[in-house]
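Under the heading Mg(2+) binding site, TrEMBL lists A:36, A:38, A:257. According to TrEMBL, the feature active site, nucleophile maps to A:36. Feature annotation from TrEMBL assigns active site, proton donor to A:38. Per TrEMBL, substrate binding site is recorded for A:232.
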């Protein structure tokens, strides 16, 4: 997958991009460009220098530009507001979040009957995507479940209509929600155990916080089994994109900052992959004796590097 | 370790106790009797039939009787109140809980300097044991950390004196506590990651709830590493008992209802083990093709069976 015109010592090393020719070659080879957002286009509330120009350049060359994020706390509509506030052109149907993908999975893949409900551990954006997909849910932001009060099974009437537990990042995580979710999976016949994504941490401007995977870890541990995960690196997210957009995997590239989500997602889907170093992954993780076994096809410092094509 | 006078088909099967002679043999062989409590002496708030008489019988025969529980939500003093309320004789120095053992571990094994502090995820009983050992702590039941309000690293001043995070069952678990604990382990040089015990679930009269191991699972997942665990089946609990009581492992028996905590604890410590079927473990887990690899030395239906010795 590495072109002869690019510098690579062996086929198990990423091609390091740096010249105008490298970027021109990339532009030529790929029609569909999938972008992770945080750590690629912006860092928290700060736009990566040159990101807007590069996206404009791709659109100018009639490339399909799609945004693929594991963030499940925001709906696509709300996520678009983030693009707007940073002055980055994006359309709701170009945005794929793990909240949306989870809703699509429940309605189109699981085909959960309409009279069934989802018990949600998650925030308003996740609820919004379920609502838009016509899926009934309980839990989530319901004040009754957002409490540090004690929980007793004796005082609880479980809803027999709950056919799935869906867990995403929830900064109001508490023992009542965990106890209900655990008992629904344990007691309700055939109740599915789904998580929006398995990111262990969540990057903020001041450092890391526990991510969606950490929020669902108590359920995984108490149940002694793994959930069905929807977001990157799982293929469910790509199935969801495929349902809405035509693309040729051979002419599609995934651009991301995380090896274990973005790059693995692209590779598992048969796409080419470009790692940028403006986010989670550090240079030391891709070179030297302790390099990760996950090797992207290409590496460049920043998405802004593609501005070389403008000169 | 299985006496010839007891029925066993092979040495990898537990001896099934049922006759007066079996129990007399047991009484003769063991001087020190360690008891798990919930599921062995009582189920929730209901005493197991005959438990009181059997404990009296053991005391009458000058046996050492000790109580070994992973419950870290109660201090030993508070746990004694449970015995009192059920009319079971017990003395505070006979009770070993994972909260007490954690405090002893921090002061005597880790030898944490007195000017260092523990960040606690846990309840009042855990704090009480730390206080009694003269260990400084923050977090725990502090109202500031018992909130579902949002948490931001930008608004947080971490305490550089935190030298350990200790996590037990905490029914007020929330994102603020998890975020602080995670960042202390990440940022404070040499900060230890301790858990009182790793029980995945917690039995109540109406069914299972997430246990201490599930409450600490987000930290384990976010950090990508395992904690130092104190309670059963880990040897730290036995070290803690050994520091206070003389006993000969060859003449000591651990009585419990859980294979992966009580029985493994006894076996790892070179003690004999007696499984009772009044708690978590079901008959089907110890017989047939799907039997657990953890095999107790003896099995009896209930601790009350030892009343055969009274006739």
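Backbone N, Cα and C atoms are what each Cβ position is placed from, and that goes for glycine too.
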Sequence-ordered list of residues in the chain of residue A:232 (substrate binding site) that lie 6 or more positions away and have a Cβ within less than 8 Å of its Cβ, or none, is A:36, A:68, A:70, A:98, A:197, A:256, A:261, A:262, A:264, A:265
Of A:36, A:38, A:257, the binding-site residues given in the record, which has the fewest other CB atoms within 10 A of its CB? A:38
For the recorded Mg(2+) site, enumerate neighbouring residues of the same chain (Cβ within 8 Å of the Cβ centroid of A:36, A:38, A:257, site residues themselves excluded), in sequence order. A:37, A:39, A:40, A:41, A:69, A:256, A:258, A:262, A:276, A:279, A:280
